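Asks: Let me begin by handing over the structure; questions about it come next.
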Amino acid sequence: MATKKPSAQSAKPSADRPVDDRRGHGDELQQMAGGRHPSLTTNQGVPLSDNQNSLRTSPRGPTLLEDFVLREKITHFDHERIPERIVHARGSAAHGYFELTKSLKKYTTAKILTEVGEKTPLFTRISTVAGGAGSIDTPRDIRGFAVKFYTKEGNWDLVGNNIPVFFIQDAMKFPDLVHAVKMEPDRGFPQAASAHDTFWDFISLTPEAMHVIMWAMSDRAIPRSLRMIEGFGIHSFRLVNENGDSTFVKFHWRPKLGLQSHVWDEAVKVAGADPDYHRRDLFEAIQAGNFPEWELAVQLFTQAQADGFPFDHLDATKIIPEELVPLTVIGRMVLNRWPDNFFAETEQVAFCPSHVPPGIDFSNDPLLQGRLFSYLDTQLSRLGSPNFHQLPINAPKCPFVNQQRDGHMQMEVPKGRVNYEPSSLDPASARATNTGFRSFAEPAGDGSKGRIRAESFADHYSQARQFYRSQTGFEQAHIASAFVFELSKVETLHVREAMIGHLRNVDEDLAHRVADGLALPSFPPAQSKAVPAKDQPMSPPLQIIGKMKDTLKGRAVGILIHDGSDAAAIRAVRKAAESAGASVKIVCLKVGGAKLSDGKQQSADGQLAGTPSVVFDAVALVLSDDAGKLLAKEAAAVDFVRDAFGHLKAIAADAGAQAVLKAGGIRKDAGVVDASDTAGFIKAAKTRQWAREAKLRTLA
Ligand code: HDD
């Protein structure tokens with residue numbers, strides 16, 4: 001599929017951004033937001049005659065304090081930053097919609113889940129956790145997956161991650177977890193990395209983290225694209241129907257493009273080649289009309305079923321295996337519009353798990369309960385005012401009214417004298433109704449007050465083992481190697497040893513592989529455990545390889561060319577790749593392009609040194625003999641093929657390109673094909689050449 005060039009966004013008001021007349025001067029506000037005034041003005045609307053020179057006593061004299069234009073411009077600039085999110089500071093977002101395809105009327109009154117065909121506007125922000133707002137897109141990290149549905153009954157924020165379990169069981173431990181993973185406080189590094197002592201020290205002393213840590217060391221934590229990750233609401237929530245009956249629910253997002261991840265060396269190199277790789281990938285896909293899409297699926301279960309599970313579903317370190325409670329697909333999410341303004345939308349969007357419409361309710365998961373407090377609280381310091389809900393990106397798209405008033409940056413102009421309830425003075429003032437939000441009437445108070453962890457939360461290893469043993473051999477090797485990499489960055493020997501002690505409780509073979517990879521002086525003893533791991537049935541949906549789709553849709557192919565390249569061969573590779581759904585970019589030594597065999601000039605989409613093969617899923621080299629000899633001496637060209645090969649990608653090369661393959665030490669295999677064999681190339685490009693890996697590097 002050909003990609004359209006990204007274009008500037010229209011600033012015109014749209015159906016999504018109706019004029020807000022509650023403020024009493026809607027049109028003027030739109031005018032401000034759209035910047036449609038014919039000439040530059042100050043913030044007070046005073047037209048400017050000069051926005052480039054400050055007011056001086058004489059051409060070379062001092063600047064005057066009187067200069068309100070200068071003062072306003074600089075003062076505003078000085079205050080342009082707000083505190084970044086304490087976690088999930090780095091994120092990318094897009095507008096879109098949710099369409100319900102299967103009604104859950106039996107289980108809930110929430111209209112967004114009962115009205116089939118209804119399209120609900122939404123805003124989705126996907127983030128890394130540990131790094132700052134300016135950090136790289138591709139560290140090993142969990143990805144946040146936060147969706148704000150603007151439902152007709154108020155906003156619903158489903159604030160999840162791309163991994164279905166969490167590090168801790170109680171919100172009380174969250175500040176410690178985050179302090180431990182963020183850069184160390186005395187030295188200010190490492191940025192956006194878990195591979196350091198404080199993180200692993202904390203993890204080694206937190207057995208409940210062993211399940212999530214298996215996921216975090218898997219390739220799920222180094223995704224190829226934000227369009228190719230799953231999302232999970234993680235906690236059990238409740239659905240409540242019109243009779244007040246409750247059913248537990250877990251939410252799952254499943255990407256239409258399937259799952260795909262980087263290999264570790266690739267993720268590291270992408271970080272250098274394009275620190276904004278995931279943001280750019282999402283932007284380019286949306287601008288080209290290749291809208292990313294996810295299915296929303298649910299796992300529904302009753303209290304009676306939950307009582308029979310071999311784990312506690314209120315424990316956020318546990319999944320409910322799909323084999324136990326199958327997934328039901330109920331709708332789809334499409335992201336189809338990039339925000340107009342990064343700060344106003346992506347930065348100012350404020351998600352709170354406590355934002356739910358009637359018919360959706362919380363469970364007693366102690367992690368969720370703490371979150372219900374934390375998010376509202378953090379918005380107050382991040383956005384500076386209890387009126388943050390009035391910002392356009394946060395405001396519900398349904399009417400909202402109550403007697404809350406005033407506060408910093410109040411942007412509404414409430415009318416009338418009644419700002420309290422009850423009141424007889426204004427009979428028309430809004431009242432609470434029977435159909436409003438009701439908490440599920442759960443019987444409570446079955447024990448005595450205390451800082452207690454339920455015994456049913458004590459099994460920390462069974463699901464960690466189930467996850468590891470459910471992986472393919474390739475994936476297990478990647479997990480073991482990730483542990484070796486991370487723990488190699490840990491300077492404290494006893495922390496490394498403690499982690500091996502935990503891995504012994506998960507899987508002895510894994511523990512040996514990691515201990516060997518670290519060359520530990522001796523094999524550490526197993527950690528003591530409250531509950532020994534119990535073998536669980538294998539669960540293939542836990543794999544990534546099993547969920548990779550045999551497709552080029554949404555993927556990218558790079559074609560390296562030079563002067564004299566065969567024009568027909570380039571056309572053939574491009575056509576085959578585009579027909580299979582890939583986007584194609586031409587890479588050249590110089591950005592001006594190359595003169596092809598037919599005498600025509602071919603422009604380039606990227607210069608070779610700045611467009612390495614890590615930004616593609618497969619590469620083709622179409623080169624004349626002379627060009628092949630020339631590029632065989634060009635490090636960037638040799639790295640282009642060496643990395644593509646090392647990252648298990650398909651390579652198509654014509655006769656001229658063989659010199660570059662030779663210089664890169666490329667050995668022929670099923671994924672290295674002749675450029676004329678376009679069908680063979682496309683077949684190989686749809687997957688990774690897993691069998692190649694063992695010949696390339698020593699995995700733990
Ligand atoms: Fe959190 C942000 C996801 C536990 C406290 N969290 C934040 C975001 C995501 C998550 C996706 C970014 C939202 C955005 O894009 O603006 N957090 C999770 C998940 C958790 C979780 C899936 C466990 C299942 N979080 C969690 C706990 C606490 C917090 C236990 C505190 C007790 N999280 C926050 C926060 C943040 C946040 C400090 C930072 C910025 C923000 O809220 O708006 O309040």
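Just so you know, glycine gets a Cβ as well, placed from its N, Cα and C.
As the structure is a computational prediction, the values presented were derived from the model and not from experiment.
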Asks: Kindly point out which candidate in Phe149, Phe167, Phe174, Phe343 is recorded by TrEMBL as part of the heme site with Arg85, Arg125, Arg371, Tyr375, Arg382.
Replies: Phe174
Asks: Test of understanding: give the count of other CB atoms lying within 10 angstroms of the CB of His88 (active site).
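Replies: There are 23 of them.
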Asks: Do me a favour and check the Cα-Cα span between His88 (active site) and Asn161 (active site); whole Å is fine.
Replies: 10
Asks: DSSP helix, strand and coil counts for the compositional bias 'Polar residues' (39-57)?
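Replies: Across the compositional bias 'Polar residues' (39-57), the residues distribute as 0 helix, 3 strand, 16 coil.
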Asks: Near Asn161 (active site), which residues of its chain come within a Cβ-Cβ distance under 8 Å, counting only those 6 or more away in sequence?
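Replies: Residues satisfying the criterion: Ile142, Arg143, Gly144, Phe145, Gly231, Phe232, Ile234.
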